[in-house]
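These notes concern the structure reproduced below.
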Amino acid sequence: MSSCEEQAYRLLTEYSNGFMVSQVLFAACELGVFDLLAEAPEPLGAVTVAAQLGTSSHGTELLLDTCVSLKLLQVETRRGKASYQNTELSSTYLVRASPKCQGNMLRYLARTTYLCWGHLAQAVRDGKNQYQEAFGVPSDELFTAIYRSEGERRLFMRALQDVWSVSGRRVLAAFDLSPFPVICDVGGDFFKDPLPEADLYILARVLHDWTDARCSHLLARIHRACKPGGGVLVIESLLDADGRGPLTTQLYSLNMLVQTEGRERTPAQYLGLLAAAGFQDFQCRRTGGIYDAILARR
């Protein structure tokens, strides 16, 4: 095998093993590995971790060493004995006590999103989400499926809070919002219920859930409710102009296929929807993070 072939095969193997990586992360969070190590006064050995978690020594050692390779844990070996502790990454984002912990989002990804992705090929065939196949829940009413139990609804809402604990400040700082004294964060049953009066309406990860037709309907309602000179702030993960990147946003767009009615869009596609609803004076800001912002005025 040539060096080019070997590199290509390694890349293919990396891609095909990606689901294993996510399951390592999900399992370590579910078992409480990072919380245990955060609370310990010193690094712990695999036997101690296993004893405190109630897990097998063999499985625990394999999991911990894989987390080391993934830069989720660091290890120190003295006299042949390995001791483990959290890295800055896991301390910041995977320990429950951290204000930036993403634990709820990871649990939602593990329990719900991951199962829907098991039906990606069928979603591509059907062009619709996979709640029926994954959970036996009809998805004609999207959020009835998403909120299929009280526990699932709470987990979903807490997962969104996790996202904004990291990304919220950056997207809200993309524009000077001081000209808008009254701000409405749009959520709930917004296709039917009257919208409150506001100077600015925020649509944070809302439009990507819906078809163009449903987005147009919602934006038209907001335009009618919006005061003259008021505006709408759209916060989404934006595709590049050609729709072929960034990879994270492309994956999110496929996730919209398996879990919602919508898709991620390019800035031009969002501007087209906003213009059709009557908005103007568009400004698009890339934040350097996963989520970007578009401001438009009535």
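Including glycine, each Cβ sits where the backbone N, Cα and C put it.
Curation plays no part in TrEMBL annotations; they are all automatic predictions.
The domain 'O-methyltransferase dimerisation' annotation in TrEMBL covers 14-95.
Positions annotated as domain 'O-methyltransferase C-terminal' by TrEMBL: 186-280.
The number of other CB atoms found within 10 A of the CB of H208 (active site, proton acceptor), across every protein chain shown, is 24. Annotation source TrEMBL lists active site, proton acceptor at H208.
The average pLDDT the prediction assigns to the domain 'O-methyltransferase C-terminal' (186-280) is 96. Helix, strand and coil counts from DSSP across the domain 'O-methyltransferase C-terminal' (186-280) read 40 helix, 12 strand, 43 coil.
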